[in-house]
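Here is the structure we will look at, set down as structure tokens.
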Amino acid sequence: MDDRENELLAESVSTLDAGERPKDEKKMSTWWLVAITSAVVAIYLLVYWNWMSMPIALRRADEERHPQRFIAEVAKQHLFEMSNVGPRVAGSHANEVVTVQFLLRVINEIAANAHPAQRVEVEVQQAYGSMFLDYEKYPQTSVYQGIQNVVARIIPAQKSEPANYLMLSSHFDSVPQSPGAGDDGTMSVIMLEILRQMALNARPYQHGVVFVFNGCEENTLQGSHAFVTHHRWFEKVRTFINMDVAANGGRDIMFQAGPKYSFLMEYYRDFVPHPYCTAVAEELFQADLVPSETDYYVYSKFGQIPGMDFAHSTWGYLYHTAYDAYDTIPNATLQHTGDNVLALAQALAYAEELNDIRDHEGSKAVFFDFLNWFLVYYPLWASILLNIGLCIIALLAIGLSLWRMLPETKLTIWQLALQVVASMGIVLLSIVVGVGLSLVLGVILNAVDSSLSWFTQTWLIFGLYVCPFLISTCTGPVLYIRFVRYDNLQLHSRVQLLLHGTCVLYVLILIVLTAMSIRSGYLFTMAILFYTVTTLVNTAIKYSSFYWIYVHLAGQIIPIAYFSSISLTSFATFIPMQGRGNADSNPELLIALFAVLVGLLITGFLTPLVALARKGYLFIALIGTFFVVSIIVMVTSAGFPFRAHTSPQRFYIYQCNREFYHLNGTLRRSEGGYYVHPQDRHTEDVIKDVASKDANLVNPVLLGIQCELELYCGIPFYQNTQHARSNIGLWVKSSITRLPESTELKHLGTEHDPDHDRTTFRFSVKGTDHMSFYVSPVAGVRLLSWSFSENIPRSGTRWNGQDVHFINFVHGIDDRPYEFSITVVGKASKASEAGWSIYLNVVTQYMHHVQYRSEEFQRLLKAFPDYAHVVGYPAHLMSRIF
């Protein structure tokens, strides 16, 4: 026992003898901290139980007792038939014929059984067109030929055609090698059942309802663009509900709304039975922290209409893999989404706002559900007033508390306020150190190749990143109370000042977020609100004895419960994404940031209480022990990130044939090999191990100098964004493979206009359904026009000082040769390129041609470990100069 503790003990004894023990000097038992921690964990587990609780899935036998209700069993039966087709890649027979016929058959059955008040019409759209996707570093022109959408509508049978439409949209194509039961078969069959239920309604809808089953979303959102730009029904669409999937199971989250059409959120609030949404998800998605895009982008950008975006986003480990199968989709998930979208669609089909929707444009909104029970929604302007008003009230409440505290001290109000500032400084320093410790640990783990240990064992996030943060935020107040003495302030008063300092810090954060119009600031609004209420209550009872702690803790129950739900949503969404993100980035940093933010929100008003414990250092030691245990588990086999069939490691491998030609058309170089597109931090080690097992393969190497010698490294990239990872892409040299379906590029002719120094090249290309063109004019030559689009778009990342344009092409049911032309102006400025105008690379991807894999390729794929999921298919690149 040290001198300070002896002094406190002596003081306690003397006051006890006098019968006047000062209550404010009482300390809590360390077990109180354990009890508080247990209560927080219990709240978290209750929230998790509530989060996992789903509506009972209805069966066909329930339909008579529950008319107009979504029937999950019907949707699940459709999903069985749809996913049994196998991968539905755009352009494949499975997608363009089998799935289209399935959708037509089901919709025609719905039409035949519709209520006489409703008329159901269906047709297949076959579309041709192009669009420009203006991505920052790798923009691309997307061209489509004969892709198909199945579109249906419900209109009143006895009335004239409505002037306004509501649209529901999903896509039925899938990525290669995935049956696409989740993405997006789930939403397609949900739409079919919604269509059936709406068609049975005896009351005619005020507006038409269009159902768009688009057949080419996975290839740069082309199906939705085709409907927006080429289908006559879209002219009457006023708003939409888009539905997509990035996971298997769980709740549907509404993560984008509007923008700026608040009535949509009002309908969501009033009619959706299982709300699950947050403005945080919308802002994270729009900040490009989610490595994907949905058709919402096309409908809002190209269609210029407001709408809502629904998705399944939790447990996305199986997203875009062969394991995205029928048996991974729970009936309860279908029921949850079906109930929500059916109720919302039926309400919007009668919405008066659709008659003059532009008159209802407002501002963005703050929105969030509370534990899936109800929706809280208010427009951005209201959030600004709320936040400013709350900040003022919070500061006044703290000021009132200090004023009531004055009689117990010998300080002035300004001296007491200065103590609040000092306390805020201690809290801020503790937070900064805690964040720094977590981020430094993330950097170290990544540097020693130990990233993603929490990919399957998600609890390790708490041990690795929350624990260091808590150690810091607990230690700061304890050391401050222990070593910085204020004789005029009793212990409980000093802890109260630490809590006030925390609130002032939150107020400053909220003011900054509000000034930046960041709607996610409502998280701090909630924290400040409940602390302000308990501060006013405690001020009224004069912070009586230990009762003020009970009041304070009671006020934290609701914020802790809500922040626990935010934690579940964030981690369940973003953890799986780290296995398919940017392999050149550190996945630890994003997860560490989420961890410390959650730790701050949940424990910010709890950690100062550690200073009230007799032996608070024991509690801090307990947290440290859990941290050490997490480190130990991380380095064992339990900390290995991946598991077969449940949380696989993803690989993309192209078996490449590459041909490079001289200006006169003679072959200058031809070779075969495998290009490994990196998915995560551990790709290289696995590939080297796999390649070493085959004596016919050389060791994988980085592309290196190939990226200087050849346009886009001479690699047949599926999307030009893959070039961004070319610095860590791996090349395994191999033999050339014969492909039954070869690529045929024909130069149809060249027309030269000497008066204007213009040259037009005309081509015809015959290949598979997924092709790309790299077009790069040499120095001194400029693209004037081409047939891919009306205008020449801006260049992406340049190559050797030259502009580079990427054209993505897909054909659906129409597999005729594709003809295109390119017009240039000027002459080559380099002597070594005399007579040259453009580089033209033609790339073909054999995505669904499993039968084209060579024996060597099949051996390579079988050599991967069981936890690996490999998307592997042949690809061909032909590089020409004209």
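Yeah, the Cβs are placed from backbone N, Cα and C, and that goes for glycine too.
Keep in mind it's a predicted model, so treat the numbers as computed, not measured.
Residues or ranges marked as region 'Disordered' in TrEMBL: 1-21. As annotated by TrEMBL, transmembrane segment applies to 31-51, 374-400, 420-447, 459-483, 495-515, 522-541, 547-577, 589-611, 617-640. The domain 'Peptidase M28' feature in TrEMBL is assigned to 149-344. According to TrEMBL, the feature domain 'Endoplasmic reticulum metallopeptidase 1/1-A TM' maps to 420-633. The domain 'Endoplasmic reticulum metallopeptidase 1-like C-terminal' annotation in TrEMBL covers 646-877.
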Who are the chain neighbours of the transmembrane segment (547-577) in space, where the CB to CB distance is under 8 Å and they lie at least 6 residues beyond its ends?
28, 36, 39-40, 43-44, 46-48, 51, 247, 250, 253, 278, 280-281, 289-291, 313-317, 319, 370-372, 454-455, 458, 461, 492, 496, 499, 523, 526-527, 530-531, 533-534, 537-538, 541, 590-591, 594, 598, 601-602, 605-606, 609, 612, 647
Between the stretches 31-51, 374-400, 459-483, which wins on the count of C-beta pairs under 8 angstroms to the transmembrane segment (522-541)?
374-400
Thinking of Cβ pairs under 8 Å, which stretch from 31-51, 420-447, 459-483, 589-611, 617-640 has the most of them with the transmembrane segment (495-515)?
420-447
Taking pairs 6 or more apart in sequence, does the count of Cβ pairs under 8 Å between the transmembrane segment (589-611) and the transmembrane segment (420-447) hit 3 or more?
yes
